[in-house]
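These notes concern the structure reproduced below.
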Amino acid sequence: MSAGGAGGEAKGAYPQQTLMALGIVGGLVGIYLGHFMPPAYSFFGGIGAICATVWGADAVRRVASYGLGTGVPSIGMLALGMGILAALFGLALGGIAGPILAVVVAAIIGGVIGALANKVIGMGIPIMEQAMIEISCAGTLVILGLSVVIAGSFDYAAIIENVIANGYIALIFIIGGMGILHPFNACLGPDESQDRTLILAVEKAAIALIITGFASSLHEGLMTAGINILVGLVIWYVAFSKYYALIKRDAYAVVGTGLLPSAEELQ
């Protein structure tokens, strides 16, 4: 089930500008490190994708708090759709500056779609344009980061051969989108908190790194794939442990329900 927020501005301890800097700087640094360093370090692309996922999840949290309803999953998928277009355009024309050009193109696409949503469709969400720019840019960085994990490079030819032509882009689309859209959907409620939502985004993005780590074995070898998977598992364990601790902090009670009763016991 998906739902929107309470119909107002989302509050949080982490400022929007800080998370934006984390997403843009962390995302680009991770992508470039994964590109320039030896294949064994392609996991840096995944770490960049994690930074971008946290930024995107916070942007979804802010815009969905105005009441998107079932649009919460849709906006996550839209982010990755815009991301694919911007990423391929940037890599095709930008060369070594491809990821930066891709982010610029994503911002333009996001701004146009946000304006259409407010001015034409009439959604009336005050931060829609800005949120769509952020979500589009975050989605682009997630696409690029996870592609670097698989291909070991953001070279356009390598991405086409190792990510697009073999269909791995569909895998990235789903797991990348889930990291951006799912955290707010899962944590939604009167006790939703920014730190719990964002640590869930880290956990989901770590799963994406693990999955793309498996996919990287086809092109980068088992050793590199093993490193990617190991790094993803470590980040996942730390994030999941923190998420569970925050659940216990925010919940009224955490109890074990035991096994479901049998039909005979219910009679």
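From the backbone N, Cα and C atoms, a Cβ is placed for every residue, glycine too.
For reference, Swiss-Prot has these:
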- 19-39: transmembrane segment (TRANSMEM)
- 40-60: transmembrane segment (TRANSMEM)
- 75-95: transmembrane segment (TRANSMEM)
- 96-116: transmembrane segment (TRANSMEM)
- 140-160: transmembrane segment (TRANSMEM)
- 164-184: transmembrane segment (TRANSMEM)
- 198-218: transmembrane segment (TRANSMEM)
- 221-241: transmembrane segment (TRANSMEM)
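For the transmembrane segment (140-160), the most Cβ-contacting stretch among 40-60, 96-116, 198-218, 221-241 is 40-60 (pairs under 8 Å).
With a cut-off of 8 Å on Cβ pairs spaced 6 or more residues apart, the transmembrane segment (221-241) and the transmembrane segment (40-60) reach 3 or more such pairs and are scored as touching. Remote same-chain residues near the transmembrane segment (96-116) are listed as 24, 28, 31-32, 78, 82-83, 85-87, 89-90, 128-137, 139-141, 144, 154, 156 (criterion: CB distance under 8 Å, separation of at least six residues from the stretch ends). 164-184 is the stretch from 40-60, 164-184, 198-218 with the greatest number of Cβ pairs below 8 Å to the transmembrane segment (75-95).
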